[in-house]
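A.B. asks: Here's a structure for you.
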Amino acid sequence: MTILNHTLGFPRVGLRRELKKAQESYWAGNSTREELLAVGRELRARHWDQQKQAGIDLLPVGDFAWYDHVLTTSLLLGNVPARHQNKDGSVDIDTLFRIGRGRAPTGEPAAAAEMTKWFNTNYHYMVPEFVKGQQFKLTWTQLLEEVDEALALGHKVKPVLLGPVTYLWLGKVKGEQFDRLSLLNDILPVYQQVLAELAKRGIEWVQIDEPALVLELPQAWLDAYKPAYDALQGQVKLLLTTYFEGVTPNLDTITALPVQGLHVDLVHGKDDVAELHKRLPSDWLLSAGLINGRNVWRADLTEKYAQIKDIVGKRDLWVASSCSLLHSPIDLSVETRLDAEVKSWFAFALQKCHELALLRDVLNSGDTAALAEWSAPIQARRHSTRVHNPAVEKRLAAITAQDSQRTNVYEVRAEAQRARFKLPAWPTTTIGSFPQTTEIRTLRLDFKKGNLDANNYRTGIAEHIKQAIVEQERLGLDVLVHGEAERNDMVEYFGEHLDGFVFTQNGWVQSYGSRCVKPPIVIGDVSRPAPITVEWAKYAQSLTDKPVKGMLTGPVTILCWSFPREDVSRETIAKQIALALRDEVADLEAAGIGIIQIDEPALREGLPLRRSDWDAYLQWGVEAFRINAAVAKDDTQIHTHMCYCEFNDIMDSIAALDADVITIETSRSDMELLESFEEFDYPNEIGPGVYDIHSPNVPSVEWIEALLKKAAKRIPAERLWVNPDCGLKTRGWPETRAALANMVQAAQNLRRG
């Protein structure tokens, strides 16, 4: 029984973000479709070769996506919303981009599909839309073409396919309501057709991803798995693949399925290997997800070996990444600025492939000498002074309940804030960032590279802040922002100014479509050596009589959007960050900033996948926010912002944040999210987003007015704010001006009644 290794997927974007650049060039009309497709082919070939050279036995094919892999699956199944369909029913790459970006075939605006987080990661997918009586057919053969590509290059491949039950689970019904699970029998023939095509190509194993199996699914959904997989059996061997949590609670359902193997995440799940071995059919292959695909830390291979060694030789066994390596940066070797000590603690996607090769070799040979050598830096890290700060640990231990309480309740604070700011009805504001123009990016890059001195850099940033204030005053906005010209990323910027973080040069991971992020890495205890945002907030406020918001990223979001330490709890990291940012709130307030926004877009996405684990997470997540904010005086207005959230199941916790104003993303869901706030009778103020910033479309005054009137039927108008869905960093100035002008006009029309 020779043990093989494999990955569940590999980063798509390229070491230098080649995919992003090719996509954006194509969207801008600066390159042809064939040039775009050629970049995809080159990246796939390179990534397969890199994995093979690193010692991977079975290469994933079908993990590449032009926007996201769920949208790819929608096209595979012929599931294209009517507003994006070509007249002749054909599907091409432009169809895919229209769904993601919001366009009709005519080029006219057409609402993009809703976007949400992929389970509890920082990756996004376009939510499949289902209508009653929907038809499915194989229309997009990208997977088959890529398998042909890989086979032509001589690779041993394992196609990757999102499973039918998870696909339906991830979608939403549009129009007349019905049970989307009833579509299962309609999509299975397409899956059968795809598997038959793969069998024709001589494929032995197909990785069929069913991550929904780690959730606490309703019984009807669990019951759907058996008939679904009965229909799919027989053409190729199926590796039923789960990740992000353990499978033990649903193991009875899983072991009844006619598949030939099971992949389990042994990093994030609590599954016991011996128990799995005992309960799985003896002829099943077990794929052990031992190497963390979601973090950047070097694996303790001695520990991983001990976890799996007792079942070696007792059943067919593969070793694998816990999930797709999509969530990890590509290659540590190109990071030239990390010092040797810190660098020795990390492993990116390619290094994780090396770890899998090393682990496979040791499991096959029984010679464990190489494991101790690989794991040595991990032992050293446990005692490093760069990891432990006694002052931070002491301050954290001294926190009391009083530290998370504002002085007075919202009603008292609201009165003080109304007296201070005297804002009109339907007050208008934006979420924080303004367009990051080429000039701004060049300015920051030149400064970072040392081509620009600090004085000239500061002069340049000040000019862009001044321009943002002038633009907002010209538009007639009521509460202004400084525009965040100095910030490359809402998390990275804070991480750069906090002790306990390090940064990479090329540690990019895909967020959605062409958007990539470069998450900071928490390597040690977190503290704030000096004020971070005060200088620029104070400068912006000096340029106007209108209030300017101080802008902070909240502790839970900084945690969720960073690569966290693995040696302490997430709660500990969040509260350390909260204490650091608490000092920032106090300093902003002392500098005369009266409105401070603490963004927590990641609060909901940080939820554990199993509802039974939610309460503990929400308790410390809310406490971290309150520790951050509670230092503010009554007449300081605390705002928070949240993105793409389903709120109804966490409304108690949203209210418990006790923010004076919450702004939320609602335009893509047509204000549906406000139902949660209405039913809960949310007591504080709300800014429902009135247009989608992820699309270049400019909303009309009438459209915005209609949304606000809809909102006012649910929330009293005196508690409503008017704002876009999210920050405007990724938009251009022309559409930003046009959209905000219409937004302000809509608010003014409503004030006039």
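Note: Cβ is positioned from N, Cα and C throughout, glycine not excepted.
OK, Swiss-Prot features for this one:
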ACT_SITE  HIS694  active site, proton donor
BINDING   ARG17, GLU18, LEU19, LYS20, LYS117, ARG515, CYS516, TRP561, GLU605  5-methyltetrahydropteroyltri-L-glutamate binding site
BINDING   ILE431, GLY432, SER433, GLU484, ASP599  L-methionine binding site
BINDING   ILE431, GLY432, SER433, GLU484, ASP599  L-homocysteine binding site
BINDING   HIS641, CYS643, GLU665, CYS726  Zn(2+) binding site
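Can you tell me where each of these features sits in the structure?
C.D. replies: All protein chains included, HIS694 (active site, proton donor) registers 22 other Cβ atoms within 10 Å of its own Cβ.
DSSP gives CYS516 (5-methyltetrahydropteroyltri-L-glutamate binding site) a strand state. Within its own chain, CYS516 (5-methyltetrahydropteroyltri-L-glutamate binding site) has VAL13, ARG17, LYS20, TRP508, VAL509, GLN510 as residues 6 or more apart in sequence whose C-beta sits under 8 angstroms from its own.
For the recorded site, GLY432 (L-methionine binding site), the DSSP three-state label reads coil.
Residues near GLY432 (L-methionine binding site) in space but far in sequence (CB under 8 A, at least 6 apart, same chain), listed by position: VAL481, GLU484, MET490, LYS549, MET551, GLN597, ASP599, HIS641, GLY727.
Around the Cβ of CYS726 (Zn(2+) binding site), the number of neighbouring Cβ atoms within 10 Å comes to 27.
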A.B. asks: Given the binding-site residues LEU19, ILE431, SER433, CYS643, CYS726, find the one whose Cα is closest in space to the Cα of HIS694 (active site, proton donor).
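C.D. replies: Result: the closest of the binding-site residues to HIS694 (active site, proton donor) is CYS726.
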A.B. asks: Within 10 angstroms of the C-beta of HIS641 (Zn(2+) binding site), what count of other C-beta atoms is obtained when all protein chains are considered?
C.D. replies: 27
A.B. asks: What Cα-Cα separation, expressed in whole Å, is found between CYS643 (Zn(2+) binding site) and GLU605 (5-methyltetrahydropteroyltri-L-glutamate binding site)?
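C.D. replies: Distance between the two Cα atoms comes out at 9 Å.
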A.B. asks: Looking at the binding-site residues LEU19, ILE431, SER433, GLU605, which has the shortest Cα distance to CYS726 (Zn(2+) binding site)?
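C.D. replies: Looking at Cα distances from CYS726 (Zn(2+) binding site), the smallest one goes to ILE431.
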A.B. asks: Let me know how many other Cβ atoms fall within 10 Å of the Cβ of LYS117 (5-methyltetrahydropteroyltri-L-glutamate binding site).
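C.D. replies: Neighbour count, Cβ to Cβ under the 10 Å cut-off: 22.
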A.B. asks: Where the record says ILE431, GLY432, SER433, GLU484, ASP599 bind L-homocysteine, what is the longest distance in Å from one Cα to another among those residues?
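C.D. replies: Roughly 14 Å, rounded to the nearest whole number.
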A.B. asks: Using all protein chains in view, find how many other C-beta atoms are within 10 Å of the C-beta of GLU665 (Zn(2+) binding site).
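C.D. replies: If we count other Cβ atoms within 10 Å of GLU665 (Zn(2+) binding site), we arrive at 23.
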